Amino acid sequence: MTKNESYSGIDYFRFIAALLIVAIHTSPLFSFSETGNFIFTRIVAPVAVPFFFMTSGFFLISRYTCNAEKLGAFIKKTTLIYGVAILLYIPINVYNGYFKMDNLLPNIIKDIVFDGTLYHLWYLPASIIGAAIAWYLVKKVHYRKAFLIASILYIIGLFGDSYYGIVKSVSCLNVFYNLIFQLTDYTRNGIFFAPIFFVLGGYISDSPNRYRKKNYIRIYSLFCLMFGKTLTLQHFDIQKHDSMYVLLLPSVWCLFNLLLHFRGKRRTGLRTISLDQLYHSSVYDCCNTIVCAELLHLQSLLVENSLVHYIAVCFASVVLAVVITALLSSLKPKKAKHTADTDRAYLEINLNNLEHNVNTLQKAMSPKCELMAVVKAEAYGHGMYEVTTYFEPIGVFYLAVATIDEGIRLRKYGIFSEILILGYTSPSRAKELCKFELTQTLIDYRYLLLLNKQGYDIKAHIKIDTGMHRLGFSTEDKDKILAAFFLKHIKVAGIFTHLCAADSLEEKEVAFTNKPIGSFYKVLDWPKSSGLNIPKVNIQTSYGLWNIQSWNVIYQSGVALYGVLRSTNDKTKLETDLRACSFLKAKVVLIRKIKQGGSVGYSRAFTATRDSLIAILPIGYADGFPRNLSCGNSYVLIGGRQAPIVGKICMDQLAVDVTDIPNVKTGSIATLIGKDGKEEITAPMVAESAESITNELLSRMEHRLNIIRRA
């Protein structure tokens, strides 16, 4: 994901694009060459507005979303700017006689919604409408269909803009466009023009390997083609307006990808200045024309000379933007150094380590094997949204969850990978299985019949019980297993088993595991001998890959993906360089001075044997940190040193002794799982101290901990 990366190329071009927009409204070369001015203002400069749309889409639109907060914030901010701009330009509207028009109220509504109350303000309602359309299209139908729908809208707009002369001669189309023009003066608006650029911006952001060095040549070639085509359209006089061209799309696409090459320090000032300049250039255009020309008698210099006029407008606009930026900056309260995400306790998720583990496991598998990521229980406490939205871009396209509700959440996040539900789903929810295209595990013959009886087409995997004796068909149920292939509403897409003893290298356990493996492969022969296509085969266990790894199957990997073993004593046949992905941390919120003999916590479980410094951490067993680590059974790391847990761990807090650790203060970071200096506490170590396993420890976390993604 790229939303928080810094792209200085985009920041610099924002400023250039703002200057281009000023050029569109001031025609800087008109005094010297009408053709040159046309080329500059009607071929080169029009890339500016689509660039702004695409930039907004790049940082706003994503198929991976867990809510609409970013969209809401964007619309709220843009609406506020639009409202201020409308009020700011009322004097100019009065001067131009805007309020003397016929049908004033419906025209004001039309202008506010589509065209802007002053010509150049159309960009703001277009941004609001275009962002909303693009966001919901991508959310509901993914990029391919979203692009198709946005393209259709763009084509409709195209024939109401640059190609209007063609459709005007076709009576039915002319009627259609006349209806459109009763609602909006132009098709260059938030419905027809903006959505496709927002969609493309989001697609670029979500897509890996998007940079191409050949963009220099492509941009030059496309602009040459657009130059010829635009002059042709002008020559035949078929344009109603000149904002929308076919070649504008690939031109802005290549330009934007080129700008992504340039990384560096964020230029927040340039962003704000270019924004203010864009919205205020027309003010100074009017001021230069009216005030300077009439009061200072400089018409020949500031009005009749178009280039000087343009420079004056740009200069005045930039000065105003700098002043406004400085004023707003001085009035804006300074942000605290910490963020809300890390002000209490939090999990750090290292995405680089996650990708490393995926690559390591894939290399350990035979070439025909594939990886299915088990993301149940909030991806083993790592955050289901944070993890799954990272898996697809790095090439993991099979996911497994425990419940239907987990699967539905993934679909609502924007996940399009195959999702297998490992556990039971009530047959009464078959409609949801079908609607969200989830793959259901068939747990026995009776369940199979009930699911088919619901009347919804359901994709399913048959589970074979090879010794776990929980869910699944017996290896003796040949007829019942084969029956699944012939039911009307069940589409068998896979067969899998769950090895119950693959985590052990003891000879008797290895022998036990090998026996059901043979039975499982015997089951796989039944469909083949009956002339049926053998569906995908998968094995449910990380330890099956580590200790046996001899099949051409899909491996369901859970704990291995997250770089940990179940316990510190586990040994595996295959040694892999896996790296832990989650690190639990909390901030010191208070330091208490406890005199010798003083106590801390419930039941006075800790009594100080000396004058002590006790640090209070805002994390407890409600955050998933085990209560049986109380009273010195574990420790945390602060400043690279061990701080023992004292007293009983509470629901929301715990106390640690920092008497022997220098420079501990409020705000110091305590590491409960992770590395600090030369010291390290691993998840298996904490789990062992709590007399548990890593799976349980991690899956109990996340529910109210903030998750910070590090890449």
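Each position is counted from 1, following the chain as shown.
Backbone N, Cα and C define each Cβ position, glycine as well.
According to Swiss-Prot, TYR64 and ARG604 sit on the same side of the membrane.
Here the topological domain 'Extracellular' (168-188) has, by DSSP, the following mix of helix, strand and coil residues: 13 helix, 0 strand, 8 coil. Around the Cβ of ARG470 (substrate binding site), a 10 Å sphere holds 11 further Cβ atoms from the protein chains shown. The closest partner of LYS376 (active site, proton acceptor) among the recorded positions, by CA position, is ARG470; the full candidate set was ARG470, TYR602, MET651. A sphere of 10 angstroms centred on the C-beta of LYS376 (active site, proton acceptor) encloses 19 other C-beta atoms. Within the topological domain 'Extracellular' (100-117), the DSSP-based counts of helix, strand and coil residues read 13 helix, 0 strand, 5 coil. The transmembrane segment (242-262) shares more Cβ pairs under 8 Å with 189-209 than with any other stretch in the list 79-99, 118-138, 189-209. The Cβ of TYR602 (active site, proton acceptor) has 12 other Cβ atoms within 10 Å, all protein chains considered.
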